[in-house]
């Protein structure tokens, strides 16, 4: 009986292994590596740019594959490629730059350090701190394509109608928010849900919720004053419903826009083009951007981050590494190309050119570029790419979000958020310091 | 086991009187092998072999044999408890509702057969045909009180926004409703098929005896299709305990709202794809398989699902 079982198991294993080898050959379709092609994976938005590069380099064999922007897609595919030891893309675009932490980890070993491939002079041209997302233990594993610094978006018409001033400090912001909620019921001045809440408020305050020290070490400490001051800011506003826990992509949030209930909304740069008009249906000539309010004891306005993209080069690219790095450099830094991209370029010179068109955009009540440029140059440090990004969002909703809904003490709930973050970090093989 | 397979022909041989029987028996054996063969092959290639490979993967860590290391790591993961709790609650809501829906709709269709029966079966089947990102959008709007046709009902349940619907306790209800809508259609077709195949003389006899539609259903039809109901139960339990599509689809519609490790199967997927740890993924998948097999064994042994006339007599 035992021998029979062992034999059948061995047969099964052999069958499974031969099955893997057999199907892996022709059908994978990602065998660019064998043909000496440069295999490039980009999302739909970045595909035309990659094709432009291909056209400009007729001597290079380039294969462009359009991938879905879903969270987790790239790690999934790379994980499978790691398993079969083939089929890795030479260049990949990440719609979720936090995945760089996964792809650069020892277990994945996919992302190649770019320090030797992209000159320092080029890397220095990116918005200050924007490459922090890509940097682990002093090495740069990706180049940012676009960044999503937060600014204070506001409705100029409502502000004028209600007789309010655009707040300069968070204390002003809180006062204005509470006043608006009282005088004009249903009006909101912010959203605290997932990355929108945690990235905008906790990110701009510099609360260490995901401060990556290296690929295996993360600093999480929610007892800091940079965290408790966010809880204190939001507490009365959550009680009076001046901030909402509804996620901005929820149809119910769009309803707030249609009903003229969004007075202010601190949020990422891309909210300007992609949320206020298309989703919230706020007519043109009303929305403007101001720098994020300043935190107590500081005079500089710091921005949080919600989103953005990044390019990675494969550690398996072999003799195509140089070509791969050149493509990534061009895609992220070419000013003419980046000027046409939909979101705020990470490369400062490109952002300037991008802003020339944005400044004249008739949608905005006033030129949003001064606020956006200032925000891009004032990213709050300590907001790293972590492998537990999804849990980081879910745990925020589970603790701070839930407490804000039920009117519980937000300061106290930070302790349970800390626990959840630590647990998530540890299962992702970080040591928490 | 050896004796069992060898015993049959020897037991048949010493019976001299049934001369035509061995031939018929032989023909039947060939037919059995032809009928069972493809299934056995598929079971081996897509069932047993992957399971064996998974077992091997679960016992290996970084290329060397590690015993129960992956298993211990999985059982120690704090996310497993939460996921198991979610799935259990989901099953407690979904399974009875699904079974009731399937039974009541199939019996209603059978009790009042007519021209619309076929059309209705198609209608029940439709929700399951919408998949992927279309399903994500569809369901996101279904749970948004302002756009949903079920808006008033949602508001009655104190769900004011889609964010409300997808957080806390209401998420399980939403997933259960989604699961019923997606799965019920297929089972209604199966059960309706079983009902139409029931012997007409029995049903006519009941009619002649004056049994009401309700009594016919309860005392005649239901016992006759019991094994089909058991089959629905086993399959649904297996697919329900491995719930993956519903939370995954919903979370593509509302990114960041639902934990990527909401269900046990999602956790296994995250192990393999996001943590790059196939050992843990294999261990958890096998544990899920064990749960499914156990449930199947219980249902089969309790309902006598594979009982044939001869085994019943014996």
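Glycine is no exception: its Cβ is also placed from the backbone N, Cα and C atoms.
The region 'Disordered' feature in TrEMBL is assigned to B:1-24.
TrEMBL lists B:31-56 (among others) with the feature transmembrane segment. Tertiary neighbourhood of the transmembrane segment (B:31-56): same-chain residues 282, 285-286, 289, selected by CB-CB distance under 8 Å and a gap of 6+ residues from either end.
Sequence annotations record features per position, and here TrEMBL assigns domain 'ABC transmembrane type-1' to B:86-299.
What TrEMBL records for B:87-110 (among others) is transmembrane segment.
Residues annotated as transmembrane segment in TrEMBL: B:122-142 (among others). Residues 105, 148-150, 162, 174, 178, 181-186, 188-189, 245, 249-250, 252-254 of the same chain, all 6+ positions outside the transmembrane segment (B:122-142), place their C-beta atoms under 8 angstroms from a C-beta of that stretch.
Residues 86, 89-90, 93-94, 97-98, 101-103, 105-107, 109-110, 117, 121, 124-128, 139, 143, 157, 165, 221, 225, 228-229, 231-232, 236, 239-240, 243, 245-247, 250, 258, 262 of the same chain, all 6+ positions outside the transmembrane segment (B:171-195), place their C-beta atoms under 8 angstroms from a C-beta of that stretch. Annotated transmembrane segment per TrEMBL: B:171-195 (among others), in sequence order.
Under the heading transmembrane segment, TrEMBL lists B:225-245 (among others).
The feature transmembrane segment is assigned by TrEMBL to B:281-300 (among others). Residues 51, 54-55, 57-58, 70-71, 73-74, 80, 230, 233-234, 237-238, 241-242, 264-265, 267-269, 271-272, 306 of the same chain sit 6 or more residues outside the transmembrane segment (B:281-300) yet have a Cβ under 8 Å from a Cβ within it.
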